[in-house]
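Database features, via TrEMBL:
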| type | residues | note |
| --- | --- | --- |
| REGION | 1-30 | region 'Disordered' |
| COMPBIAS | 14-30 | compositional bias 'Basic residues' |
| TRANSMEM | 48-67 | transmembrane segment |
| TRANSMEM | 74-93 | transmembrane segment |
| TRANSMEM | 99-124 | transmembrane segment |
| TRANSMEM | 196-215 | transmembrane segment |
| TRANSMEM | 221-249 | transmembrane segment |
| TRANSMEM | 343-363 | transmembrane segment |
| TRANSMEM | 383-404 | transmembrane segment |
| TRANSMEM | 425-446 | transmembrane segment |
| TRANSMEM | 466-487 | transmembrane segment |
| TRANSMEM | 508-531 | transmembrane segment |
| TRANSMEM | 551-571 | transmembrane segment |
Amino acid sequence: MPPPSLPENDVEKSHHHHSPPPAKPTKRKPGGWKSMPYILGNESFERLASIGLVANFTVFLMTVFHMDQVSSSNLINIWSGVSNFAPLIGAFISDAYVGKFWVIAVSSFATLSGMVTMTLIVGLPKLHPPSCTTQQARLNQCQAPTNRQFGILVLALGFLSIGTGGIRPCSLPFGVDQFDPTTDEGRKGINSFFNWYYTTFTIIVLTALTLVVYIQDSVSWVWGFGIPTMLMACSIVLFFIGTHVYIYVKPEGSIFSGIAQTLVAAYKKRKLEVPRGEKELTRGKLYDPPMKGMYEVPKLLLTDRFRCLNKGAIVVDGDINPNGSRTSAWKLASIQQIEEVKCLIKVIPIVASGIICFTAILQQGTFTVSQALKMNRHLGPNFQIPAGSIGVISMITIGIWLPIYDRILIPLIRKITKIETGITLLQRIGIGIVFSILSMIVAAFVEKMRRDSANYHNRVDGVAPMSVMWLAPQLILMGFAEAFSILGQLEFYYKEFPDNMKSVANAMFFVTAGVANYVSSALVSMVHNVTGKHGQPDWLTANINEAKVDYFYYVLAGLGFLNLVYYLVVASRYRYKENIRDIEEEPQFDVELYGIKK
């Protein structure tokens with residue numbers, strides 16, 4: 001069965017822009033579990049390729065491309081930022097135009113192109129700088145990449161970002177599409193699919209952080225990039241083999257288009273009187289059509305919060321066709337659309353609080369790896385831990401902590417607080433922010449010890465005779481930060497948005513991560529440019545043993561503390577969705593709306 005032809009967009013279909021559950025096809029079979037090997041295989045190999053590259057990318061840039069700490073950190077942050085924003089574009093194209101299948105298909109070829117290019121870069125001597133000795137590296141005498149070599153590297157990263165932007169936002173929903181949510185069997189299948197999805201994700205991350213990084217570090221970069229490239233090629237073949245068993249859901253319009261339409265409609269009617277109170281509302285008719293194509297999605301009732309947006313639903317002459325539909329979604333918004341936008345606006349302060357916390361977490365892949373490169377990484381006489389694998393300590397921490405937290409601590413805390421989740425989600429996020437601050441403080445202490453040891457012994461390779469396991473405390477604390485703050489944010493977004501806006505929860509995570517990447521890059525550049533004057537080396541100079549990376553960690557800890565104060569203020573003023581109905585200043589109106597008695 002080939003992919004369906006692309007549907008034409010019609011105006012009235014687009015006014016329910018919320019990425020509703022797909023209209024049930026007349027025939028749901030085959031789909032189901034028969035399609036899972038193809039979908040999960042494609043997603044798994046894409047992640048193996050991208051995560052395997054990210055985990056060891058700092059080492060690659062510093063040892064193969066001879067880039068210094070600042071340049072490599074900035075390149076990683078800029079590329080990661082692009083990769084984190086790209087899924088928003090991929091989701092929009094999928095929902096609004098071509099559907100999930102074609103976005104995944106095209107993006108898979110982009111990922112393959114990126115991995116092939118990366119393999120060629122390390123395999124062909126002309127595409128990377130010549131190797132240099134340990135002494136040359138210590139004296140910063142290694143040859144830098146040429147403009148052509150750097151341009152080809154950026155091209156490869158661009159392909160990988162396109163692949164990430166298409167596969168990640170579409171793979172999970174495409175898998176869910178294979179099950180019928182209107183049946184018990186389908187709902188059980190969806191729940192089981194989520195479990196398998198996250199299980200395979202965890203396995204892939206651990207494999208990338210250990211096996212792939214080990215091959216890159218100890219065997220060769222060619223094999224380290226070549227093996228994931230071959231697996232990615234196999235996954236594309238596998239994905240297309242499954243075309244005859246997939247269920248294809250036509251695109252129904254993107255929620256992001258609807259958000260933009262709502263804001264434009266409210267702006268165009270900004271000079272109208274704001275409906276306020278029951279008496280005022282009965283004088284003006286507001287647009288509140290039935291929610292076609294959506295099932296088991298409750299309507300949101302009109303509130304008086306951010307009431308300037310309510311203007312977008314005021315019906316004026318020329319807004320409504322004879323059949324009751326809108327003449328333009330850019331001139332008239334429904335109450336449902338307006339309340340959804342309000343939900344989004346309401347969580348933005350919480351989203352902003354996650355940026356600094358995520359910025360601290362990002363250092364695991366940059367300066368923590370730089371620290372590990374200058375420490376004793378031997379476990380026994382014959383095995384050396386790859387520097388890029390050190391982040392696995394955080395993963396192990398999360399894997400051990402979450403079952404204990406979920407099965408033991410939450411039931412105990414629930415008896416005391418009488419809260420279903422033990423502590424509120426906002427409290428959980430706040431605890432994560434505290435752990436991220438503590439992690440940066442510990443990282444600073446350990447880095448000073450490492451630098452003092454390296455300079456005292458003054459070995460030719462600049463390595464401090466300190467075990468790399470001294471980095472474990474900061475990584476364990478950062479694991480707790482992720483378990484509380486990042487996972488808490490995901491659950492918070494999921495529960496605070498209406499049922500038909502769950503995709504926005506993932507979008508919030510990507511936005512937070514993307515902004516944090518750019519904040520990290522800006523901080524690194526600022527510290528690099530501001531410090532190091534009057535003949536002193538800057539804090540992030542190329543030779544980490546002459547640098548003051550611990551001072552940079554203290555800066556992050558200080559910013560984290562200021563962020564914590566900000567978070568406590570916005571969190572204390574936040575009203576959970578389930579509590580809004582009890583707040584008198586946000587009345588739930590019971591009025592006559594356009595065409596509908598309520």
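Residue 1 is the first one shown; counting continues down the chain.
Cβ coordinates come from backbone N, Cα and C, glycine included.
For the transmembrane segment (48-67), the partner stretch with the most Cβ pairs below 8 Å, chosen from 99-124, 343-363, 383-404, 425-446, 551-571, is 383-404. By number of Cβ pairs under 8 Å, the transmembrane segment (99-124) is matched best by 221-249 from the list 74-93, 221-249, 343-363, 551-571. Segment contact holds for the transmembrane segment (551-571) and the transmembrane segment (425-446), given three or more CB pairs below 8 angstroms at sequence separation of 6 or more. Counting same-chain residues at least six beyond the ends of the transmembrane segment (343-363), those with a Cβ under 8 angstroms from any Cβ of the stretch are 77, 80, 259, 300, 305-306, 426, 429, 432-433, 436-437, 439-440, 443, 478, 481-482, 485-486, 489, 492-493, 496-498, 501, 504, 508, 511-513, 515-517, 519-520, 523, 553, 556, 559-560, 562-563, 566-567, 570-571, 574-575, 577.
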